[in-house]
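Trainee: Take this structure, written in structure tokens, and hold onto it; I'll ask about it next.
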Amino acid sequence: MATLIKNGNLYQAGRIYQADVLIEDGKIKAIGKNLSDVVKENLVEIDATNKLVAPGLVDVHVHYRDPGFTYKETIHTGSLAAAHGGYTTVCAMPNLDPVPDTPELVEKMCSRNQEDGVVKVKQYGSITHGLKSEELVDFVGMKKAGAFAFSNDGSGVQTAGTMYQAMKSAAALNMAIVAHVEDNSLLFGGVMNAGKRADELGLPGILGISESSQIARDLLLAKETGVHYHVCHVSTKESVELVRLAKQHKINVTCEVSPHHLLLADVDIPGNDPYYKMNPPLRGVEDRQALIDSLLDGTIDMIATDHAPHSIDEKTGDMREASFGITGSETAFAMLYTKFVKTGIFTLEQLLQWMSINPAEKFGMEDAGELLPGKSADLAIFDLNKEYVIKEEDYLSKGINTPFTGEKVYGQTVLTMVDGQKVYQREEK
């Protein structure tokens, strides 16, 4: 049976134009006008008039908490949330219990991701055993087992020698090192950005140099080893300046920014509210502007949500005691479209480049990030014209820890398909 998506506004090859998309056997068979004439029988038609038809979004940074912390999220609920947000490929971080730090555990996670995920869930292997920055993993074995890349996300690799050896091993395999950059000796128990707002709230601050100092170290190591070094969730002006300089010197570096760091600064934190506690923290107004500018000038390559669900108890009370993290899969596209595209700061084409094309391209995902005949039919349909309210009751994630609940936005997901199969469809109310 074939599926025809009719009359949509298709994003392809950097432009948006009206076209039909014909899908057969999980693949895109044809793109063009009046394709209903191509298949006469057993054709399912989907009317996408006045809707955006885009390549499925790609998120290289999610936390699915499974195994070990399934009261926060599972592979299934996390992937449902991703589909709700228009994502068809996501990459799951290894801060799990047990940590996927052996070939056997990586293979098991890859199998579970395929079984339980409704979207394509790629698995990071850890850089060190137990995420402890000490003993390196079996890089060769973990690549063979299916590891997408290597990361100790949740904690930076604290010793330069360990990171250097990791980079050498990853480079030899043409694999990426994906780094949560944070020097633990510079944290001093902080819970939000160090600055005036932290002082006003009487809360301990996190210095921006805890991030940028480790980026500086790692960029020198990346230059020495030639590894593809990817920086997670950059958040400071100094960090992007370092990445910009490194790119000028032809160091093989890419980086991502999270939606919340584009949308909010520390001055937007209304009080001692754990829903505004994330790591890295919301930074200053100048930092936020630097992130926006760095997307526009190409220093920042992509947007990744850092989807980090927690239980209600873990995000209630005092910021000093609450867990770090914010959800993002279900709000990212709509919030960014509304706040940046509708206001003329970004174009729609740019937003899709950062949320789909670039992450797929930079990480060598040949079957993601573009709609072309012969490729997998991984796509999302968005309604850009109808305003709606982000409601807690609509979340498919177990986590509701986001300050964006209640926002009026545009860009609602109508339908998400993976390999030509519907994995999310909006219910009309």
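Any Cβ shown, glycine's included, is placed from N, Cα and C.
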Trainee: In Swiss-Prot, the Zn(2+) 2 site includes ASP153, HIS180. Which of HIS129, HIS228, HIS233 does it also list there?
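Mentor: It is HIS233, as the record lists it for that site.
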Trainee: Quick one: which of ASP301, ASP306, ASP313 does Swiss-Prot put in the Zn(2+) 1 site with HIS61, HIS63, ASP153?
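Mentor: Answer per Swiss-Prot: ASP306.
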Trainee: Which single residue out of HIS260, HIS261, HIS310 does Swiss-Prot record at the substrate site shared with HIS63, TYR64, ARG65, ASN95, ASN279, PHE324, GLY325?
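Mentor: Between HIS260, HIS261, HIS310, Swiss-Prot records just one in the substrate site with HIS63, TYR64, ARG65, ASN95, ASN279, PHE324, GLY325, namely HIS310.
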Trainee: Go through the binding-site residues HIS61, HIS63, ASP153, HIS233 and tell me which ones have a CA within 10 A of the CA of ASN279 (substrate binding site).
Mentor: HIS233
Trainee: If you measure every Cα to Cα distance among HIS63, TYR64, ARG65, ASN95, ASN279, HIS310, PHE324, GLY325, the residues said to bind substrate, what is the biggest one in Å?
Mentor: 16
Trainee: Among all the protein chains here, how many other CB atoms are within 10 A of the CB of TYR64 (substrate binding site)?
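Mentor: Result for TYR64 (substrate binding site): 33 neighbouring Cβ atoms inside 10 Å.
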Trainee: If I take the alpha carbons of HIS180 (Zn(2+) 2 binding site) and ASP153 (Zn(2+) 1 binding site), what is the distance between them in whole Å?
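Mentor: That separation, Cα to Cα, works out to 5 Å.
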